[in-house]
Amino acid sequence: MTEAPAGGAICEFAAAKINLALHVTGQRGDGYHLLDSLVTFADLGDRLTFSPSESDRFTLSGRFAGDLPHHDDPRTGNLVLKARNRLRETTVEAGEAAGPVHIHLEKNLPPAAGIGGGSADAAAVLRGLDRLWQPGLDAETLARIALSLGADVPMCLSSRPLVARGIGDIIVPATGFPGLDMVLANPLRPIATPAVFAALENRHNPPLSIEGQTPADASEWIALVRESRNDLQLAASRIAPVIHGVLDALSSAGASLARMSGSGATCFGLFDDAESARAAADRLAHARPDWFVAATATLAEGDDDHV
Ligand code: C5P
């Protein structure tokens, strides 16, 4: 598409969000659902660069660039531009300058795929422009702006293994959570999140828990992953039956556990090591060239940042 900004730009990585477990435990009066979700982040994601410019610019590249709106209409526009506008308002209100900026988005993640691509991009904009403009906002203010952009944006600000409750905005680090080797597979059938929540038959499921205890080490976290569920999986599979095929394909490729992330249609398969994940991803990508398939390693809690 168009060129990326030149050297000296601020770069931010927008990691794919993976809901290893997602329990729907209730519904608020405003229609939003109460969740209990175990979330980790992949070493696969979008890349954003920010550089001062004569006027505001937004350029895109990458496999999925063509699937996104380029304008900032409040209802249909790109979340990147909404995030820029919100942070600028708050920066100016704080009496600081928020000059024109060229934002370049390398869109590597499929949109409307249940791995938080738009939310991760919005969080990366908040982190990147906070570095560029230095408005001196505290973490609470940034989290509030993040939540105003979407329920999943606050968790993407941290991009560390976590448990999310409330509507996704109450975040507790998953202390001791291990890195995982997995394969992500998406049939490139976009799914609108509201339609999946609306199709739920049961909105009052038990929370995430092994006998009420918080896991103390990696093996207990893995046990929790295995014993939990994604309560959106059945509803999403009714909307897009191909999800059954994706889960079957991951299991047939050797995954020890296959489950949908978020509201779908991306599913993840867990593997014992990076090599078997890579081999399975290669086989699956060869068999299904029409799908998005990628091997990925997730960050352990306490690891350094992804690139
Ligand atoms: O907050 P966000 O705009 O990302 O949410 C998109 C839609 O997903 C909401 O309008 C709502 O229908 C649904 N949703 C929900 N409960 C949540 C998060 C999202 O019902 N906790």
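Any Cβ shown, glycine's included, is placed from N, Cα and C.
As annotated by TrEMBL, active site applies to Lys17 (among others). Secondary structure from DSSP puts Lys17 (active site) in a beta strand.
DSSP gives Asp152 (active site) a coil state; it is part of no helix or strand. The feature active site is assigned by TrEMBL to Asp152 (among others).
Per TrEMBL, the feature ATP binding site maps to Pro110, Pro111, Ala112, Ala113, Gly114, Ile115, Gly116, Gly117, Gly118, Ser119, Ala120. DSSP assigns Gly118 (ATP binding site) to a helix in the three-state reduction. Remark: Gly118 (ATP binding site) has Leu79, Pro111, Gly150 as non-local neighbours, by Cβ distance under 8 Å and separation of at least 6 in sequence.
For 78-158, the entry in TrEMBL reads domain 'GHMP kinase N-terminal'.
In the domain 'GHMP kinase C-terminal' (221-285), helix, strand and coil residues by DSSP number 37 helix, 10 strand, 18 coil. Here TrEMBL flags 221-285 as domain 'GHMP kinase C-terminal'.
Gly114 (ATP binding site) sits 11 Å from Asp152 (active site), counting Cα to Cα. With all protein chains in the displayed structure included, the most crowded Cβ environment within 10 Å among the binding-site residues Ala112, Ala120 is that of Ala120. Gly116 (ATP binding site) counts 30 other C-beta atoms within 10 Å of its own C-beta, drawing on all protein chains shown. Taking each Cβ in turn and tallying the other Cβ atoms within 10 Å, the top scorer among the binding-site residues Pro110, Gly114 is Gly114. Asp152 (active site) sits 7 Å from Gly116 (ATP binding site), taking the C-alpha atoms as the reference points. For Lys17 (active site), the binding-site residues whose C-alpha atoms fall inside a 10 Å radius of its own C-alpha are Gly116, Ala120, out of Pro110, Ala112, Gly116, Ala120. Using the Cβ center of Pro110, Pro111, Ala112, Ala113, Gly114, Ile115, Gly116, Gly117, Gly118, Ser119, Ala120 for ATP, the list of other same-chain residues with Cβ within 8 Å runs, in sequence order, Ala16, Lys17, Leu109, Gly262, Thr266.
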